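Notes for the one structure printed next.
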Amino acid sequence: MSSANMATIGGSSESTVRKRRVDSRRTETDRVPSSTDNGAGDSRDTDKETQLESLHPGTFWLTRVVLLRSVAFIYIVAFSVAYNQNKQLIGDNGLMPCKKYLNSVKRYVGGKIGLEALAYTPSILWFLDWSSMDANLDGMALVGMALSGFVLMTGMANMVIMVTLWVLYHSLVNVGQLWYSFGWESQLLETGFLAIFLCPVWTLSQVPRSCPPSLICIWTFRWLIVRIMLGAGLIKIRGDKCWRDLTCMDYHYETQPVPNPVSYYMHRFPWWFHRFETSSNHFVELIAPFFTFLGRRMCMVNGAIQILFQVVLIISGNLSFLNWLTIVPSLACFDDASLGFLFSRGSGAQKSVLELQKEKSAGRTPKPTKGMFVRRVVNVSLAVLIGYLSIPVVMNLFSSRQVMNTSFDPLRIVNTYGAFGSITKERTEVIFQGTLSPDPKDPGAVWEEYQFRCKPGEVSRRPCLISPYHYRLDWLMWFAAFQTYEQSEWVIHIAGRLLSNDSTVLSLLDHNPFQGRDPPKWVRGEHFIYKFSQPGSASAAQGKWWLRKRIGAYFPAVDLEGLRGYFQSRNWPHPHIPTNRS
C-alpha cells in the first residue's frame, strides 16, 4: 500500500466519520427510492436483469398464451362467418331452416326434447325460444365473437370462457346441416375442446401461477397435428393416381374450390416446380410428423415445417380458415424458450415466466394443494379419453378404406382428417341466368347472369382474396358443379328464390342483374368449363382472368308456377309470386 494511501487512512477521525455518514446516506439513497423516483431505478435494474436472462426450455407458459390467442382468432372468424351468413342459410327464412331440422329430429326421437334428442343433435338451441331463430343464431354468434375477442386481446382465458365458446360453436355446427359439413368444423371443435384444458377453472391471468400448463395437454395438441397431416398424406397416396405420379399440382391451383390471384400465376409455374411441390407435400404430410417424437429440437423442426407449409397454402388459395386452424396445434411444438421472441422484453408475461423458472431452479416449488391434485386427475383423464377415442381414428389411418373428415363420437372430440384425396382435372362452374322474356325458348331472349361473392363467374373479374373468411354457398357451388342438380336439390331451391327476387338469398350474392327491376320470369343453370387465361396472352391483355366454354344446361329454365309442385313435394315454402306478375 502506498504512503499516500496510508496518510489518507490515518487522517483525522472527524473527517473519516463525516465520509462514512455521507457514504451511508448515498447507500440509503440508492437502496430506497424517493417518492419522486417512483421506483424508476429498480425498474431499470430489473429490466437490465431481464434482458440478461433468457427463458429456459421445457416450460409452456408462453406457449399457452400463444395457443389461446390463436384459437380465439379462429373462433372470431368462425363466429363472424356465422353472424353474416347463418340467417340466410339456416335461419327462419333460410335455405335449410334449422328450426325445421330440429323438428324433424324431435319427431325421429319420439316427439320429446330430452337426452335422446340432445345426444342426436347436441345444441343449446333445444332450450331456446324458437319463435325467432334468427335472433338465437345472431345472439350465439355475437356472444362467441365477444368472448373470443376478449381472449385474443388479453391472452387470458379460463375454462368457463373456453367451454362457452366450444358449446356455442358446437351448437351451430350440429344444426348447420349441409352448410357446416366441412372438415374444418370438426377440426375447430377438437382444437377448441383441447384448449379448454389449457386454462384454470376461474382465474383470468396470462400466467396463472397455481395452474401450470400440463405437458399432457401440450401433447394432445401435438397428437392432433400428427393425425391431421398423416390423414391428409395417406388419403392422397391411396387416392388419386396423380399424387403418386406427382402431377396433381399441374391442376390444383386452377381447379381448387376458390382460387385467389396468386393461384392464377402459380398455375403457370414450370412442370418441374409442380413435381417438387407434390414431392414436398408428401414429405411434409407423411415424414415430418414423426419428427414430433424425436426430441425437442426435431419437434420444433416439425412445427416450423408445418407452419411454413400452411402459410404457403394460405398464400396460394382461399381454403377458408382451414390452414390458419392447422397452424394452431403446430404451435404446441414450441416451448417458452423458442416463443419468447413473440413477447416484448420486460413484458408482464415474460417477467412472470422468468420468475417462475428462477423459483423452480432454486427448488422453491408451491406446496401441493387439493386443487392441484384434482387438476392432475383431470389431465390424466384427458389423456385416457383422447387415447381411447383415438383407437378408431388410428385404425382408420391404417385402413385401406380410409375415410376422411369423419367423427366417431357425437361430440367430435377426436376425428379423422384429410384433404384433396382426389383432384379434379377440369374446372366446371354452374352459372345462374335469368330473363324477362315470357318465352325461355325465344332465340331473342336476353339472359343475364348472377354473380357470386367469390366463385368464378364473369371472366374479367379478378379472383378474390378472402382467407381466412369463408363464403359457404360459394364452396357448395363448387361441389354442385361436378354433380347433377338432382344430387344437389338446394340449387333448384336457390333458383326459386331468385325468381322472386328474394332478398335473403340475394344477400349471399355479389350481383343481381334484376336489382331495382321486375324479377326474372325464368331462371336457368348453365354449365361451363373454366380455365385460367395465359398471363401475357391477348385474352389477359383484355382483362380476362378466365376463359370458359359452355358444356350445356345444368338445369332447364324454370318459372315459379312450374316449381310449385317441386317445392311442395319437398315441403319447401313456395316463393312469393310478386303481384305485378301475371
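From the backbone N, Cα and C atoms, a Cβ is placed for every residue, glycine too.
Note that this is a predicted model, so its numbers are computed, not measured.
Residues annotated as compositional bias 'Polar residues' in TrEMBL: 1-15.
Predicted-model confidence for the domain 'Lipase maturation factor 1/2 N-terminal' (180-339) is 96, expressed as mean pLDDT. TrEMBL lists 180-339 with the feature domain 'Lipase maturation factor 1/2 N-terminal'.
Among the features that TrEMBL reports, domain 'Lipase maturation factor 1/2 C-terminal' is placed at 413-556. Taken through DSSP, the domain 'Lipase maturation factor 1/2 C-terminal' (413-556) splits into 28 helix, 39 strand, 77 coil.
Look at TrEMBL and you will find 1-50 tagged as region 'Disordered'.
Taken from TrEMBL, the feature transmembrane segment covers 61-83 (among others).
Proximity of distant same-chain residues to the transmembrane segment (109-128), defined by a Cβ-Cβ separation under 8 Å and at least 6 residues beyond the stretch ends, is recorded for 98, 101-102, 136, 140, 167-168, 170-172, 174-175, 410-411. For 109-128 (among others), the entry in TrEMBL reads transmembrane segment.
If you look up TrEMBL, you'll see 140-168 (among others) marked as transmembrane segment.
Only residues 6 or more beyond the boundaries of the transmembrane segment (188-207), in the same chain, are considered here, and those with a CB under 8 A from a CB of the stretch are 61, 64-65, 67-68, 71, 74-75, 78, 154-163, 165-166, 169-170, 173, 213-214, 217, 220-221, 224, 321, 325, 328-329, 348-349, 352-353, 356, 378-379, 382, 411-415. Summarising the annotation, TrEMBL assigns transmembrane segment to 188-207 (among others).
What TrEMBL records for 213-235 (among others) is transmembrane segment. Beyond its flanks by at least six residues, the transmembrane segment (213-235) meets 59-61, 63-64, 67, 187, 190-191, 194, 197-198, 281-282, 284-286, 288-290, 292, 299, 302-303, 306, 326, 328-333, 375, 379-380, 382-383, 386, 390, 393, 397, 402, 404, 416-421 of its own chain at Cβ-Cβ distances under 8 Å.
Positions annotated as transmembrane segment by TrEMBL: 377-398 (among others).
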Tertiary contacts of the transmembrane segment (377-398), as residues 6+ beyond its ends and Cβ separation under 8 Å: 197, 214, 216-217, 219-220, 223, 227, 230-231, 234, 406, 408-409, 413-416
